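To keep things clear, I will list the structure first and then write my remarks on it.
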Amino acid sequence: MAVLCCTSMQLLLVALTALAGMCLGGSDGPRGVALPFVFDPNAMCDPPCNHAGICIRNNSCFCSRGYEGETCQYANCYPKCKNGGECLRPGKCRCPSGFGGKYCHKVVCDGGCWNGGECIAVNGEAKCICPSSWTGSRCQDAICPQGCRNGGSCVAPGICSCPEGWIGGACHTAVCKNRV
């Protein structure tokens with residue numbers, strides 16, 4: 001009986017009762033080398049092999065492509081899931097908040113970044129980096145450097161909306177009412 005050549009193999013059916021493993025590349029064997037190993041058609045695996053894995057010897061599973069573990073219970077994504085993503089099945093990652101894409105490689109800000117903001121990863125978290133005239137978690141709040149006084153609110157960069165009775169760039173001038 002030959003020893004399996006590496007941790008990542010592709011199963012090759014040689015005959016109805018004979019198998020060989022083709023190395024896909026790993027620390028224990030060169031890529032592309034086929035090594036035969038004994039396949040016992042009466043082998044029993046308890047617990048059973050998962051995800052179409054084959055019981056090749058008693059309690060020894062040979063996993064189908066994309067799965068690994070003693071009973072082939074773990075999915076193996078290639079390329080690996082990034083940024084803390086979890087491999088659910090081959091080619092399918094569950095991404096943590098703030099990341100997306102097939103392999104969790106894209107930074108995603110919840111709700112997006114507004115007004116020209118850019119979504120980037122900062123200390124492992126997705127954050128909007130705002131242009132100089134905007135602020136807020138999504139760059140949703142305009143900045144009025146002059147300030148808006150007397151209950152005014154900043155509605156666009158440098159533009160205040162003034163309450164009744166006030167005017168001016170910073171809502172700083174009282175409106176005089178005409179006396180009749």
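Backbone N, Cα and C atoms are what each Cβ position is placed from, and that goes for glycine too.
Keep in mind that TrEMBL annotations are predicted by a computer and have not been checked by a curator.
Here TrEMBL flags 1-25 as signal peptide.
The feature domain 'EGF-like' is assigned by TrEMBL to 41-73 (among others).
Annotation comment: TrEMBL describes C45-C55 (among others) as disulfide bond. Look at C45 (disulfide bond): DSSP puts it in coil. Non-local contacts of C45 (disulfide bond) by the CB criterion (under 8 A, 6+ apart in sequence, same chain) comprise C55, N58, N59, S60, C61, T71.
In the three-state DSSP reading, C63 (disulfide bond) counts as coil. Taken from TrEMBL, the feature disulfide bond covers C63-C72 (among others).
As annotated by TrEMBL, domain 'EGF-like' applies to 105-140 (among others). Through the fold, the domain 'EGF-like' (105-140) approaches residues 82-84, 95, 97-99, 157-158 of its own chain, all at least 6 residues removed from its boundaries and within a Cβ separation under 8 Å.
Residues near C119 (disulfide bond) in space but far in sequence (CB under 8 A, at least 6 apart, same chain), listed by position: V107, V108, C109, G112, C113, A126, K127, C128, I129. Taken from TrEMBL, the feature disulfide bond covers C109-C119 (among others).
According to DSSP, C130 (disulfide bond) is assigned to coil rather than to any helix or strand. The disulfide bond annotation in TrEMBL covers C130-C139 (among others).
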Averaged across the domain 'EGF-like' (105-140), what pLDDT does the model get? Just tell me the whole number, please. 92
Between C130 (disulfide bond) and C63 (disulfide bond), what is the CA-CA distance rounded to a whole number of Å? 48
Could you give the Cα-Cα distance between C63 (disulfide bond) and C139 (disulfide bond), in whole Å? 49
Whole-Å Cα distance, C72 (disulfide bond) to C139 (disulfide bond), is 46
